[in-house]
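K.L.:
Sharing a structure, written as structure tokens. Questions coming.
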Amino acid sequence: MTERTLALIKPDGVRRGLTGEIVRRIEAKGYTLVRLELREATPELLAEHYEEHQGKPFYEPLVEFMLSGPVVAMVLEGERCIEGFRSLAGATDPTAAAPGTIRGDLGRDWGLKVQQNLVHGSDAPETAEREIGIWFPTS
Ligand code: DAT
Ligand code: MG
């Protein structure tokens with residue numbers, strides 16, 4: 001089934017000049033870029049985006065990190081692209097993420113926990129719809 005997902009290049013990816021490499025991998029996989037924008041997140045937007053993580057010990061540092069620079073927000077489209085982009089991204093911890101994945105090939109632990117893991121991808125159809133609405137309310 002054709003579906004849409006929200007993908008983000010986090011501030012570490014933009015800062016390290018990996019935007020092109022990450023977008024290249026998405027396009028090489030065959031997903032369509034429906035939206036792509038360089039954006040500054042806000043505390044309000046991130047509170048909604050990371051609603052499920054509010055109250056967890058890593059929540060505040062995560063939000064602070066996500067506010068540390070611009071992010072690239074994208075809407076991708078394709079058959080099973082929610083699962084497919086998560087697979088391209090790799091496991092949450094970039095040190096443990098498999099080689100061949102974005103996090104596994106391009107990320108590692110920089111001494112600031114696993115939050116610097118380059119990308120975000122929605123994890124289910126309901127989450128994707130919710131997150132696309134948060135980042136692209138006009139779509
Ligand atoms: P994912 O981004 O793989 O969907 P998640 O939704 O569980 O992972 O967590 C959201 C982000 O929060 C994740 O990309 C990095 C950060 N994070 C998760 N678990 C963490 C932890 N134990 N310590 C520090 N940061 C964490
Ligand atoms: Mg998640």
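Positions of Cβ are set from backbone N, Cα and C atoms, glycine also.
Note that the structure is a prediction, hence the values are computed from the model and not measured.
Marked as domain 'Nucleoside diphosphate kinase-like' by TrEMBL: 2-139. Per TrEMBL, ATP binding site is recorded for Lys10, Phe58, Arg86, Thr92, Arg103, Asn117. Here TrEMBL flags His120 as active site, pros-phosphohistidine intermediate.
Please situate the listed features within the shown structure.
P.N.:
Across the domain 'Nucleoside diphosphate kinase-like' (2-139), the DSSP tally of helix, strand and coil residues reads 62 helix, 28 strand, 48 coil.
Around Lys10 (ATP binding site), the same-chain residues six or more apart in sequence whose CB sits under 8 Å from its CB are Phe65, Met66, Val71, Gln116, Asn117, Leu118, Val119, His120, listed in sequence order.
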K.L.:
Cβ neighbours within 10 Å, counted over all protein chains: which one of the binding-site residues Thr92, Asn117 has the most?
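P.N.:
Result of the Cβ crowding comparison: Asn117.
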K.L.:
Run through the Cβ atoms and count how many others sit within 10 Å of the one on His120 (active site, pros-phosphohistidine intermediate).
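P.N.:
Other Cβ atoms within 10 Å of His120 (active site, pros-phosphohistidine intermediate): 21.
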